[in-house]
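As structure tokens, the structure follows; a few thoughts come after it.
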Amino acid sequence: MALIIAGERSGVGKTTTTLTLLAALKARQASVQSFKVGPDYIDPMFHRFVTGRDCRNLDPILTDEDYVQHCFQQHSQTADYTLVEGVMGLFDGLTGKTDTASTAHIARILNLPILLVLNCSSTARSIAAIAYGYQNFDSRLKIAGLVLNRVGSDRHLELLKDALEPLEIPILGVLRRQDEIQIPDRHLGLIPTSELPHLQSVIDRLAVLGQQCFDWNRLEPLLSNSDLNSTAFKSTTPSISLKSSVPIAIARDRAFNFYYADNFDLLRAAGAELIEWSPLQDRQLPAGVQGLYLGGGFPEVFAAELSDNLLARQAVQTAITQGIPCYAECGGLMYLRQHIIDFEQTQYPMVGAIAATAQMGSRLTLGYREATAQQASPLLQKGQVVWGHEFHRSSLREPIAQPLFQLQNFDGSLHYGEGYSQPNLHASYLHLHFGGKPWLIQNFLQACQQATALSR
């Protein structure tokens with residue numbers, strides 16, 4: 001068994017509840033496997049910080065329902081407990097007409113009971129109407145319990161319990177208003193763990209709260225994996241004939257840290273040797289690499305440091321010029337441009353492999369896209385289709401003459417042309433999950449294997 005943590009809406013305390021439960025279980029010396037519904041990168045960083053295990057994303061759009069089931073079973077089998085953090089409100093999905101890609105959708109795919117987090121601030125009896133609606137909106141779902149968050153006084157809690165009693169939904173946790181457990185955020189959500197030097201003290205506090213604020217006699221059996229069936233699954237790793245392992249340089253530091261753990265696993269399983277390097281601190285690329293992987297992150301926050309590291313910028317430019325295949329997404333795309341202009345309108349030189357400038361702004365570009373390749377790249381042939389996810393506040397100052405992708409929204413409406421390609425370059429705002437299209441790995445590694453290894 002496992003639990004999925006859902007909220008009545010965004011901002012009610014799903015992440016706080018999840019981290020509190022994870023910290024409390026970890027304090028008991030238990031192994032805990034966590035998952036995150038949807039394409040988010042930052043919440044899984046916090047999960048990993050607490051549990052010491054990679055959090056796995058469950059996304060039926062970037063992958064598919066079979067992959068979601070495979071991923072969940074595969075990684076839950078090696079842990080004592082399993083916990084899934086939902087996304088937005090329980091039923092919030094791609095459209096208002098369906099709950100596709102919502103927390104409810106994942107709960108049905110995996111047949112998981114739901115722990116519903118309610119924001120009880122400034123409400124009393126009305127909380128029962130909210131809980132009743134969620135309890136009865138979809139009869140296929142099981143609300144196993146409630147977490148009452150942001151509870152004020154003891155009198156407030158008594159009113160809430162009296163109101164909820166007729167619904168017969170167990171109250172499995174009560175979290176009081178706590179200013180000292182707030183985690184700071186900025187323009188794309190929570191600030192990543194690598195930038196929070198005092199995070200461990202917050203997690204320690206959450207572990208204590210977790211022991212005190214939850215009904216563990218009823219909660220622990222719901223989280224335990226003792227009855228999880230061991231299942232054999234068909235491998236999702238593509239069959240690739242490689243002469244030897246292919247060394248790939250992975251940009252990974254405070255500026256670049258948006259990666260799916262599954263992508264790394266799938267690359268390694270297919271024959272890649274992943275070598276981490278830092279565009280912030282390292283002066284050269286690792287010797288002998290045959291490919292570059294520049295993930296997303298916050299290059300705009302560290303633009304001055306990235307710009308100051310001239311040797312690293314030159315090394316990346318040289319590698320691409322020499323024909324080393326490069327896969328860059330979102331923050332990696334921004335790094336490859338000529339300049340980044342930050343929120344204060346300060347301009348910083350970047351790699352310059354793409355003749356364009358990244359301009360930060362207030363407008364958030366967000367959502368799933370169906371992307372059809374208009375040009376070939378190291379990952380795709382012209383005409384191939386993938387699903388990806390956009391999440392950024394930067395934009396392009398110059399038009400793209402021959403975009404890599406033509407994008408469509410989930411409803412099929414035309415969006416726009418996006419991305420850059422060369423025979424050895426794939427650079428796009430789209431975040432891709434290789435579990436959805438394993439042939440992306442095959443194309444990339446075969447292109448890398450054909451490249452001459454980088455020499456200094």
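Even glycines carry a Cβ here, placed using N, Cα and C.
Record features, source Swiss-Prot:
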type     : residues : note
DOMAIN   : 247-439  : domain 'GATase cobBQ-type'
ACT_SITE : Cys330   : active site, nucleophile
SITE     : His431   : site 'Increases nucleophilicity of active site Cys'
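Reduced to three states, the DSSP call for His431 (site 'Increases nucleophilicity of active site Cys') is strand. With respect to Cβ neighbours within 10 Å, the recorded positions Cys330, His431 differ, and His431 shows the lowest count. On a Cα basis, His431 (site 'Increases nucleophilicity of active site Cys') lies 7 Å away from the residue listed as 'active site, nucleophile'. Predicted-model confidence for the domain 'GATase cobBQ-type' (247-439) is 96, expressed as mean pLDDT.
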